[in-house]
Amino acid sequence: MPLATNKNCPAVLGLRQRKTLRVASAPVLAPSIRASPRRFWSPLAFVTFLSFATRFYRLREPPHICWDEKHFGKMGSYYINRTFFFDVHPPLGKMLIGLAGYLSGYDGTFPFQKPGDKYEQHNSIGMRAFSALLGSCLIPFCYLTVLELSRSLPAAIITATILIFDTGFITISQYILLDPILMFFLMGAVLSMVKYNSYSDRCFSAPWWFWLCLTGVNLAGALGVKFVGLFVVFLVGLNTICELWQLLGDLSLSLVTLGKHFLAHVLCLIIVPLVLYTALFAVHFAVLNRSGPGDGFFSSGFQSRLIRNNLHNVSVPEYVAYGSVITLKNLRMAGGYLHSHWHLYPEGVGARQQQIIQTFPSLWSLRNMEILSVWNTKRHQEICTVISMKPP
């Protein structure tokens, strides 16, 4: 009989004994904490109180735009006004900022033009309070993570204390920024991963499923705020690979059980994050249904669906006839419109004495200049002329 199938094989028994010892030596909490739960909850409540007190202290100051509040506060206003815009980051963080402003009574009318502009009567404190709320939650997250990993209550308290009084940590949590939202989901993903690892001796139990699913939700949240959330995706992915590799080496597990583990991780850590991440963009495009500064980066077909856009509900002939006035748009490079200048190429550069032609992301990119972006179609024997047009 092969060695791997011999139940009395010393190597197999040794492996099972090591597996049993490994599981038995991983209690949910350290013995001293299990004996006195108050030793665990009292410090957690205290550091959480200090975290909220330091983050919400003088939250209204300074009473003007600071740093990147100019960008993210304005994007929150876009969501409240349902105005379409384009940004390099995924939409979740800005949507949450806009939602916080809406729920706190902000009407989205503050222009957010430049740092230093005073908020005055505009109620923007709700968006700052939302950032402070998520920034305050980071301290108990770190406390629980260190406690779970080290089984040491002093280590958890020291970690929480250091982070509570970290000046940079406090400052970044008091303004309308994406960073506290991103860190909330990053730490949430790490804490969830550590917690479901602690239930490895109770696989497929309700707490195991809860923390595994919550890990996937936090992964979608981190990636939905900024693309740097991919780093925590890699971390959870490496942890999952190591976990499945250890399960594969456990000869006491059947192939059916291994398959269940694999499918559970695929469902919670791949399918759930992908579905949630895709749903974010569905909500994003459903909310932003009015024309705004991001129109020019998208196709004419997309722009025709935006309210108050020049192309909204405009009928287009199926065929282009001679003499039609058209605009030419590049399908690549963000879809720039073909535009001609009055200027000619200088001697020795480019085509000899030909007009300079380039593309602009929007038909009305240069508001105070004469735009030469509308073309008149002629027969191929005739010279294509350019019709000058000024924006209304």
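Note: Cβ is positioned from N, Cα and C throughout, glycine not excepted.
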TrEMBL tags one of 84-105, 304-325 as transmembrane segment - which one?
84-105
Which sequence-distant residues neighbour the transmembrane segment (208-241)? Criterion: at least 6 residues beyond either end, Cβ under 8 Å.
89-93, 178, 181-182, 184-186, 188-190, 192-193, 195-197, 199, 202, 264-265, 268-270, 272-274, 276-277, 280
Does the transmembrane segment (153-170) come near the transmembrane segment (125-146), with 3+ Cβ pairs under 8 Å (pairs 6 or more apart)?
yes
Please tell me whether the transmembrane segment (176-196) and the transmembrane segment (261-288) touch - that is, whether there are at least 3 C-beta pairs under 8 Å between them, with each pair 6 or more apart in sequence.
no
Go through the chain and flag residues at least 6 beyond the ends of the transmembrane segment (125-146) whose CB is under 8 A from any CB in it; none is fine as an answer.
43-44, 47-48, 50-52, 55-56, 59-60, 73, 76, 96-97, 100-101, 103-106, 152, 155-157, 159-160, 163-164, 169-170, 172-177, 180-181, 183-184, 187-188, 190-191, 194-195
Cβ under 8 Å, sequence separation of at least 6 from the ends of the transmembrane segment (261-288): give me the contacting residues as numbers and ranges.
78-79, 82-85, 90-92, 95, 203-204, 209, 212-213, 215-217, 219-221, 223-224, 233, 236-237, 240, 243-244, 247
